[in-house]
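Per TrEMBL, the features are as follows:
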DOMAIN    22-267  domain 'Nodulin-like'
TRANSMEM  87-108  transmembrane segment
TRANSMEM  120-143  transmembrane segment
TRANSMEM  155-176  transmembrane segment
TRANSMEM  182-202  transmembrane segment
TRANSMEM  214-236  transmembrane segment
TRANSMEM  248-267  transmembrane segment
TRANSMEM  340-364  transmembrane segment
DOMAIN    347-559  domain 'NFD4 C-terminal'
TRANSMEM  384-406  transmembrane segment
TRANSMEM  418-437  transmembrane segment
TRANSMEM  443-465  transmembrane segment
TRANSMEM  477-497  transmembrane segment
TRANSMEM  532-553  transmembrane segment
Amino acid sequence: MAIGFSYWQDRRNFVIHVLESKWFMVFGTLLIMSANGSGYMFGLYSNDIKSKLGYDQSTLNLISFFKDLGGNLGISAGLINEVSPPWVVLSIGAAMNFFGYLMIWTAITNRVPKPHVWQMCLYICIGANSLSFPNTAALVACVKNFPESRGSVIGLLKGLIGLSGAILTQVYHAIYGNDSKALVLFIAWLPPVVSLVFLRTIRIMNTIRQPNELRVFCNFLYISLGVAGSLMTIIIIQNSLHFNRPQYAASASVILVLLFFSLFVVINEELKSWKLKKQALKETSQDFPISEQLPVIAENPLTPEPHPVANRVMTSSFKTYLSWMKTIFKAPDRGEDYTILQAALSIDMVILFIATTCGAGGALTLIDNLGQIGSSLGYPKHSIATFISLISIWNFLGRVVAGFASEIFLTKYKLPRPLLLAIVMLLSCVGHLLIAFSVSHSLYFASVINGFCYGAQLSLLFAIISELFGLKYYSTLYNVGAISSPLGSYILNVRVAGRLYDKEALMQMKALGIVRKAGEELTCNGGKCYRTAFIVITAVTLFGSLVSFILVFRTRKFYQSDIYKKFREEETAMTQITPN
């Protein structure tokens, strides 16, 4: 009886050990990210918004811009995360997500009177902005828990956000079939539920780096690649066979089972840690069989020296102001902890911001207009859904490849991440030109290229920010950098692509002798709808790549040094003061 009780007590303690471990925290973060990519699913329900509410393309692009603005304007989430534990940030995000998308669902299902455009912009901005709260809380906690593997961490976690659009699509079809309006209801309740389940799991932990840390993240990567490969196969089959709901349920079950394989990695690692911990306790009890009260040696604490009078004089308001101004404009060395203002006003941040505004803004414009581009070129609905899923998958691959590959190139060859950022922007120009000139089957290749490049740009952006400006205020700086995407989207999507699309659509209606009625949606057909817009986007993206090369030149010496030396020294000090 006693042996049986001891066995179950040991099992219970092991379960608690796993649930409180840093690797289970990573598992929780992976699932949160896997359910947090609804911002990339706009193309699946944008036509419902356009047709049910009678919007033209410029109005739809304006709503799309506020979706991008909300999804990337996460400074409020960053500031809250600076002063609050992650569970507070996750709770706020869950509430905002449910409210924003629920209101959109009630609008397109006619459960409420037709809202004004500004109300739809507000709803989608709130819903999309909610995603920045779990993104910030979970990702920043992971980066701070694993600072020497930040490239791999950011690539993996941001990659799953990109992949989550395809994951959610499979689960949505399994539950709701092909009802695209129900998709909005689905993304209103699922992400909050996942965040609330792991509310107490996501936290910053003071742990010592394990030698096999990168290997464990590679195991998570292999599972994620398995999910991506399975999704790719399923999407190809679905495009040929047109699945019904039971078949969607089977495919969604396969994806969810693969996702939960990560839990076995966690259990395996924590089982090793548990055995080492028990062995250490056993050896300690053998070394000290008799409990003796050790003598307490009291030391007189050093009496702090009184502050000299000069210090009190220096606290005058004018001198304090001068000191504050000097602190802002005299930034620390690259890699040290910048304040928020120091980083925001630095030349490096300005260059990085301009480059990603051009590069990520162009890629995001293609992603948001994919449904309309497909319709204008005559692709069927199921093919457009395939393109959107392809973007999600290649978005994921771009993020993880950029994260892991840049980490390897940096540690082994001292290759700066800004150089990879410039190369990725050059590659994305190819995808834009395919759309501009309506090459045969161009949408397949363009969705792959731009999905990959957009994901790679985001992983590289957030890794570069953490390296150049430190981790102390990373919660906020992470979101400062993210503003570049919606800004670029507003300029290139709303002001360029949307207006040129509507202009071409009106010309086509005029040529056919059709007069547009008030409240009627505006539709354009043919390759000319987006030709001029994507030629402009290509030129802007090329400019962004050239700007990135300036940052490569400025940071080349920094990346030639040992940028992780500081973290190894801190871990050595922690090891020395931590008892065995």
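Note: Cβ is positioned from N, Cα and C throughout, glycine not excepted.
Residues 348, 351-352, 354-359, 361-363, 365-366, 416, 418-419, 421-423, 425-426, 428-429, 432-433, 435-436, 492, 496-497, 500-501 of the same chain sit 6 or more residues outside the transmembrane segment (532-553) yet have a Cβ under 8 Å from a Cβ within it. Highest Cβ pair count under 8 Å relative to the transmembrane segment (182-202), across stretches 120-143, 155-176, 248-267, 340-364, 443-465: 155-176. Among residues of the same chain six or more beyond the transmembrane segment (87-108), those with a C-beta under 8 A of the stretch's C-beta atoms are 32, 38, 45, 48-49, 52-53, 70, 77, 80-81, 114-115, 120, 123-134, 136-138, 181, 184-185, 187-189, 191-192, 195-196, 198-200, 202-203.
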